[in-house]
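Trainee: Here it is, the structure in full.
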Amino acid sequence: GGGFGDSFGQGLQKQDWNTDVTKFEKDFYQEHPRVTSRTPQEVEAFRRSHEVHVEGRDVPKPIQTFEEASFPDYIHQNLLAQGFDSPTPIQANGWPVALKGRDIVGLAETGSGKTLAFLLPSVVHINAQPLLQRGDGPIVLVLAPTRELAVQIQKEATKFGQNSQIKNTCVYGGVPRGPQIRALREGVEIVIATPGRLIDMIGQRYTNLRRVTYLVLDEADRMLDMGFEPQIRKILGQIRPDKQTLMWSATWPKEVQGLARDFLKDHILIKIGSTALKACKNVTQRIEIISDLEKRNCLMKILETAHDGKNRVLIFTETKKGADQLTKSLRTGAWPALAIHGDKDQKERDWVLQEFRSGRSPIMIATDVAARGLGT
């Protein structure tokens, strides 16, 4: 998504937000009577039971069912049709805050349901704004660190936006720009983008961010780890300062805190579990120290134990060559394995991920490129 050296962002125009800024609505929340009737003690007990910690002024009470979220019927029916039972902790606490129009810092692990925590309120937000006019940029902008994560978010945005004819596009590097440029020029309400390619598109006037009133920074900690802070700050300079901002992160390092301090206003912090540890609590970690000569036999033993037709196995290698060699070796031994790494084009990487997720090829050998966005 990046790689612009010192010259990135030179084509961006300085924005003047003192003139010609249309007012916009961002508070759509109607508290459900059941939520209103809950005492502070009941709210506290609910949060404690789900390891939820909140900070901020006038924090709305959490909801406990989809019905209590008071989403419009077209969203509620879509949720039920997807087979969801009840909101996850980040959704239960995040939806009321987002629908209220407040800025959010959400600290939650991958797999917590955070994508719908920001996407569903964004659909409500879009439907309350004036329709896009010719030449308008998006109303909702979602920034993500990698193309894999951006594509996953787009799938959910398509699923939940189609009832409202909400259009979206995904903007990321490593693929031809033509289809992305066409979609931007035709006008889309939601843009999901990696920072580098988005700056490229804005700098060349294929889109603009003057209509953005709902901004999402997903996996903010990883975007900063990948060196995207200068790009993020350039992009935020193109967006009106009174926008609603939702920042999501698995961890809470001082760099992410600095970004929140500079760009969020009167935000509410929602923390699920502990963010002190980077390791996922849902994963049991076991370390075995072995020599290079023992690696092959050890891997075979693990595969024989772990691979029972239902489990999926993810193996990381240091090099692309190592990933290809191990895949070839496993396939020769009739193990259903595929490799994913940076030398494979986007189409093939998407296909390998889909085969792995579906269980059709339950063993995947990967370099670190595949670690990005795998579990969201």
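Note: Cβ is positioned from N, Cα and C throughout, glycine not excepted.
Checked TrEMBL, it gives:
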- 64-92: motif 'Q motif' (MOTIF)
- 64-92: domain 'DEAD-box RNA helicase Q' (DOMAIN)
- 95-270: domain 'Helicase ATP-binding' (DOMAIN)
- 298-376: domain 'Helicase C-terminal' (DOMAIN)
Trainee: Within the motif 'Q motif' (64-92), what mean pLDDT does the predicted structure show?
Mentor: 90
Trainee: With DSSP helix as H/G/I and strand as E/B, how many residues of the motif 'Q motif' (64-92) fall in helix, strand and coil?
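Mentor: Breakdown, helix to coil: 16 helix, 0 strand, 13 coil.
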Trainee: So how many of the residues in the domain 'Helicase C-terminal' (298-376) end up helix, strand or coil by DSSP?
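Mentor: For the domain 'Helicase C-terminal' (298-376), the helix, strand and coil counts are 39 helix, 12 strand, 28 coil.
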